[in-house]
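A quick write-up on the structure given underneath.
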Amino acid sequence: MTKDRLAALQAAQSDDEDMPEDVAVPVEGSFMEDFFKEVEEIRMMIDKIQANVEEVKKKHSAILSAPQSDEKTKQELEDLMADIKKTANRVRGKLKGIEQNIEQEEQQSKSNADLRIRKTQHSALSRKFVEVMTEYNRTQTDYRERCKGRIQRQLEITGRATTNEELEEMLEQGNSAVFTQGIIMETQQAKQTLADIEARHADIIKLENSIRELHDMFMDMAMLVESQGEMIDRIEYHVEHAMDYVQTATQDTKKALKYQSKARRKKIWIAICVLIAIIILVVFLAIYLT
């Protein structure tokens, strides 16, 4: 392999001497350099989504803890959600592109170290992406439940208690009037309660639209990661067993060295005993013959 690379470099150098100076010569490995740049770009986008998800959580808490609807905070929340959606679609597109390139090379029966590296990187990025989007989905679902709880408490204040099932039925109708009918708005508090109920209902509608928009993308990536799971598990299995084999081999080597050392010492002791026996025999014969 080293000789082949050396020959290729020498050939490239020879060709370069015959070329004009302004002609660019492709450098071996430039494809993988571009790939790793793309990997880093995808990783940074996923990190950006993760950071935005944390900001979304803060906005949710700020909105729910505010006594009155804060339009500025709501707009900031919508901007964050729009940015997450935009970035997530870009990540999905890039991961899909890498996946298609890998599949094309596999169909051409290409198998090399670079391909395995790309598959491993693609799998790691896909898993990370799904983890981040799962957290985002969980954040949205949690916010929806908290908005429901807020509506339920406000309805109780107005004297209209509702069960969770009844509240879900009202939400499915998509009309805030079903929540506010029968509420007498004679006081400022009643008006504020009505406004809060309508605001929370509007938040839930936006959340449900956002969840639906991201659902297909989320399921697509989740299925991809699941299909990669068996391959990754097999790789981890073989790596673990390889490590076990190395550890076992190391222990066996230590045992062999230990046994070899014992055997060597035993041979030395036997030689010493034989030598002593010979000396005793010589002395005995010398005395006897004398």
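Glycine residues also receive a Cβ, built from the backbone N, Cα and C atoms like all the rest.
Keep in mind the model is a prediction, meaning the values are calculated, not measured.
Which of 1-21, 64-84, 127-147 counts as region 'Disordered' depends on Swiss-Prot, and there it is 1-21. In this model, the topological domain 'Cytoplasmic' (1-267) carries an average pLDDT of 72.
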